[in-house]
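A.B. asks: Per TrEMBL, the features are:
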- 1-22: signal peptide (SIGNAL)
- 22-170: domain 'FAS1' (DOMAIN)
Amino acid sequence: MQLSAVVFILLLLSSAATLSNAHNITRLLAKHPAFSTFNHYLTITHLAAEINRRTTITVCAVDNAAMSELLSKHPSIHTIKNILSLHVLLDYFGAKKLHQITNGTALAATMFQATGSAPGSAGFVNITDMKGGKVALGPEDNGGSLDVYFVKSLEEVPYNISVIQISKLIVLDYTNGDYGLEDNLDGGLTVFCPLDDPFKAFLPRFKNLTAAGKTSFLEFFGVPVYQSLSTLKSNNGLMNTLATDGANKFDFTVQNDGEDVTLKTKSTTAKITGTLIDEQPVAVYTINKVLLPKELFKAEAPTPAPAHAQRKPQMHQNPVRVRTCLQHHQTHQQMHQLTTQLIKQLMKMLV
């Protein structure tokens with residue numbers, strides 16, 4: 001009897017484990033090779049584990065071609081996670097339910113909304129039955145535009161999980177990276193801020209750049225990872241920036257020069273002259289010249305440094321004091337605005 005009781009308990013536990021793991025999105029999508037890229041990124045963004053922990057859920061999958069279009073833009077993993085989390089509806093929508101929506105339209109919350117990262121109602125998806133039997137989907141914050149369509153059902157486990165194919169990705173500007181730099185800065189932020197005099201001398205050339213050029217130029221001075229001064233000294237080499245975008249590298253070389261750390265492009269070599277803040281995950285350093293990215297400027301003689309640029313500014317560790325220092329740069333408002341924005345976003349991470 002005791003043996004029977006043990007066997008019964010083991011069977012019961014095994015059954016409970018099976019029920020608690022009633023679906024596995026990775027295995028479900030593995031049956032459909034055309035969705036292997038979508039499946040892969042669900043795994044590496046850890047969304048697959050979140051999906052498997054939930055019940056009453058719908059995954060809106062796109063094929064490899066649609067994912068290739070997204071990946072060609074070289075988004076960060078965090079951005080990809082935001083986008084894909086908008087494709088996980090926190091309700092069950094099988095093919096039958098999609099075609100029989102009460103009043104012809106429904107608003108579904110998504111995993112993106114559940115993260116708390118979505119502003120307002122940006123994490124909701126509108127599902128609407130259209131003429132001719134079409135079912136259209138679109139983000140709620142999209143001015144009513146519905147240009148994504150239900151293609152077919154891939155897997156259904158009523159009323160646990162539904163996996164459907166949609167015609168293309170549902171993309172908000174917010175999820176695609178234009179939503180505040182802090183969401184692209186999982187590893188922190190390092191800013192190299194030119195001193196006043198070299199930037200004043202550079203202003204006429206800055207004003208001649210296009211709007212896109214100005215944006216790329218300003219982003220060129222930010223690195224999407226925290227770098228202490230000791231790390232910069234021990235890890236010389238090429239460094240990508242916030243302006244890096246595939247073939248448009250917008251990078252520079254970090255190199256030691258004795259005890260100094262220099263930043264080099266083809267036309268400019270700048271030296272780190274001081275530290276405004278170095279409190280992980282944020283570091284802000286001053287440099288004695290304006291670095292010129294080769295993507296915007298041809299190789300030429302570097303801008304001469306002012307005489308006082310060699311002086312080491314006082315070290316500041318207080319974030320409030322950092323903002324005060326940055327606000328002093330009234331003569332180059334664009335650089336001030338960018339740096340202030342970066343600091344403000346990351347101050348939230350320091351609290």
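The backbone N, Cα and C atoms fix where each Cβ goes, and this holds for glycine too.
Any TrEMBL annotation is an automated prediction that lacks curation.
Note that the structure is predicted; figures quoted are calculated from it, not measured.
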A.B. asks: Go ahead and report the DSSP secondary structure tallies for the domain 'FAS1' (22-170): helix first, then strand, then coil.
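C.D. replies: The domain 'FAS1' (22-170) comes out at 57 helix, 40 strand, 52 coil.
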A.B. asks: Restricting to the domain 'FAS1' (22-170), report the mean pLDDT as a whole number.
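C.D. replies: The average pLDDT of the model in the domain 'FAS1' (22-170) works out to 90.
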